[in-house]
């Protein structure tokens, strides 16, 4: 599938403001700006495996489209939600378990880049990845 590859973060847009809105402290925000995040995505039918490798952690997340699961962000924020495939976009709809606020994510291939867009409490950010 189109998402299957290893992707390395190339640049970010408004990521610091997004993390600030999420409640991430300034020290962690500065570190996260240089996390060298790499995603290895594989899809088998409705099942996705995403291996995240960064300065902070290495984890593997396995999910099925439309099936609710729990996920922890690098700063420890706990989320619960689902991914769905709408056209050529992976749509993530999550709620924080601590306050119930929504975090929505879209992953899409634009040209030769993977663009991951986040929206939380009206603040939008993007992280743009290139194939590694």
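Including glycine, each Cβ sits where the backbone N, Cα and C put it.
Record features (Swiss-Prot):
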MOD_RES   2  N-acetylalanine
BINDING   83, 107  tetradecanoate binding site
BINDING   83, 107  hexadecanoate binding site
Could you work out which of the recorded positions (2, 83, 107) has its C-beta surrounded by the smallest number of other C-beta atoms within 10 A?
2
C-alpha of residue 83 (tetradecanoate binding site) to C-alpha of residue 2 (N-acetylalanine): distance in Å?
16
